[in-house]
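Novice: What follows is a structure written as structure tokens; I'll ask about it next.
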Amino acid sequence: MVTLVLGSQFGDEGKGKITDLLSQNADLCCRSAGGHNAGHTIIHDNVTYDFHILPSGLISPKCVNLIGSGTVVHVPSFFKELEALEGKGLKDAHKRVFISDRAHVCFDLHSVVDGLEEATLGGRKVGTTGKGIGPCYSDKAARRGVRIGQVLDEGVVETKLRSLEAGYRRRFGELNYDLEAEINRFKEYRTLLKPFVVDQLTLLRKHKDASILIEGANALMLDIDHGTYPYVTSSCTGLGGTIQGLCLNPTQIKSIIGVVKAYSTRVGSGPFPTEQINEIGEKLQVTGREFGVTTGRKRRCGWLDLVMCRYSTAINHYTALNLTKLDILDEFDEIKVAVAYRLEGKEIEFFPSDADVLEKVEVVYDTLPGWKTNTMGITKWEDLPPNAQKYIEYIEKDIGVPIKWVGTGPARSHMIERAQ
């Protein structure tokens, strides 16, 4: 039985909490794509954990965790994150996490190149996290990357890294990068990594009758194929990416949970039709504490975009939704939701593939009354204010997928689970 948790918007929806809840009953928790550019925050027993490349199923003491073949792994960050978790009491974390030997290595060199590539874009910057994810996936696609399994073979990293560095030097000139230092670090990692590296299919076969939880990173609107290209990440962040990155049998998927924030946020550049560059956006940013887990950057904020959510649903085929951060809307007199786009005065029935076109759309809003009541920590549906219930039901009806969970605060316990 496989359960997927996927982001429905631009990321930062709060996927970590529902993953944390579901992982308590999971035997195996997996990351399928992306790298340490992702960021999940989980508050468990009053301890705050920040996850980037590691699956957040590590909080559950019985859960085995896999970083899958579709990911890119920055090895220093892997060990640093593991050390931080063990420092917060997860002493056996190193015994319950494995990396597919087919995952690719994200080098410090890639981070340097990431910054150089952004600089060449001038006013059309993508707004990457600067972690080297794009250049790493580029090297993978060009068949010149290094797989995690190859780190264990003496001399492979040195040969390939020298070749990569020479290629980038020809392109950019001198690099602010210490090639020899990185080569020497990987001589140490060859021994350190060995206990963590596995054949993914062998591990999955051992868990073929187990409860498997797939933790999506980033979100559908950042998908390399289906997102707001080119303002996207460099991996497949939707349903297709999870199947590809983990070699899943699609017939084993029992549920696909889409995580939707009760309003919209975005980090970095790119079109954002419902963005509020005004007091409303500022209020959402401050009240919601909208800062990136990975970069610390302020998130751009706006109203919930149901056009985008319907598009996301059509691609990811959600069977249930988790609406998060409802409590952030507690102090609004009225709340708007985007229900349609207009282009040149006419309502359009498609989601634009061209980012420049998406920048030009006129948003059609519906306005719903606020509830002006504190909802933080509410755990029962009947305890929600009537207008909050109506807001949730409106979203549910528009998207056409049941909202099974409603987040009402940062703690694990701040969640309503509705009977279906």
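Along the chain as shown, residues are numbered 1 onward.
Cβ atoms here come from the backbone N, Cα and C positions, even for glycine.
Annotations for this protein, taken from Swiss-Prot, read as follows:
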- ASP12: active site, proton acceptor (ACT_SITE)
- HIS40: active site, proton donor (ACT_SITE)
- 11-17, 39-41, ARG299, 325-327, 407-409: GTP binding site (BINDING)
- ASP12, GLY39: Mg(2+) binding site (BINDING)
- ASP12, GLU13, GLY14, LYS15, ASN37, ALA38, GLY39, HIS40, THR129, ARG143, ASN218, THR233, ARG297: IMP binding site (BINDING)
- VAL293, THR294, THR295, GLY296, ARG297, LYS298, ARG299: substrate binding site (BINDING)
Novice: Going by C-alpha positions, which of the binding-site residues (GLY11, GLY14, LYS298, ARG299, LEU326) is nearest ASN37 (IMP binding site)?
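Specialist: Minimum Cα distance from ASN37 (IMP binding site) across GLY11, GLY14, LYS298, ARG299, LEU326 lands on GLY11.
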Novice: Tally every other Cβ atom lying within 10 Å of the Cβ atom of GLY39 (Mg(2+) binding site).
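Specialist: I count 20 other Cβ atoms within 10 Å of it.
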Novice: I need the CA-to-CA distance for ARG299 (substrate binding site) versus the residue listed as 'active site, proton donor', whole Å please.
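Specialist: Pair distance, Cα basis, whole Å: 15 Å.
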Novice: Of GLY39, HIS40, ASN218, GLY296, ARG297, LYS298, which recorded positions are close to LYS17 (GTP binding site), meaning a Cα within 10 Å of its Cα?
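Specialist: Taking GLY39, HIS40, ASN218, GLY296, ARG297, LYS298 one by one, the ones whose Cα falls within 10 Å of LYS17 (GTP binding site) are HIS40.
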Novice: When DSSP states are folded down to helix, strand and coil, where does GLY39 (Mg(2+) binding site) land?
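Specialist: DSSP call for GLY39 (Mg(2+) binding site): coil, neither helix nor strand.
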Novice: Could you tell me which three-state DSSP class LEU326 (GTP binding site) falls into?
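Specialist: Reduced to three states, the DSSP call for LEU326 (GTP binding site) is helix.
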Novice: Hey, of GLY11, ASP12, THR129, ASN218, LEU326, which of those recorded positions are within 10 Å of GLY39 (Mg(2+) binding site), Cα to Cα?
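Specialist: Within 10 Å of GLY39 (Mg(2+) binding site): GLY11, ASP12, ASN218.
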Novice: Between C-alpha atoms, which of these recorded positions comes nearest to ASN218 (IMP binding site): GLY11, ASP12, THR41, GLY296, THR408?
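Specialist: Its closest listed neighbour, by Cα, is GLY11.
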Novice: Between GLY296 (substrate binding site) and LEU326 (GTP binding site), how far is it from one CA atom to the other, in Å?
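Specialist: Given the Cα positions, GLY296 (substrate binding site) is 22 Å from LEU326 (GTP binding site).
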Novice: Nearest to LEU326 (GTP binding site) by Cα, among ASP12, HIS40, THR129, LYS298 (recorded positions)?
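Specialist: It is ASP12, whose Cα lies nearest.
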Novice: Over all shown protein chains, what is the count of other CB atoms within 10 A of the CB belonging to GLY11 (GTP binding site)?
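Specialist: Within a 10 Å radius of the Cβ of GLY11 (GTP binding site) lie 30 other Cβ atoms.
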Novice: Which of the three DSSP-derived classes (helix, strand, coil) applies to ARG299 (substrate binding site)?
Specialist: coil
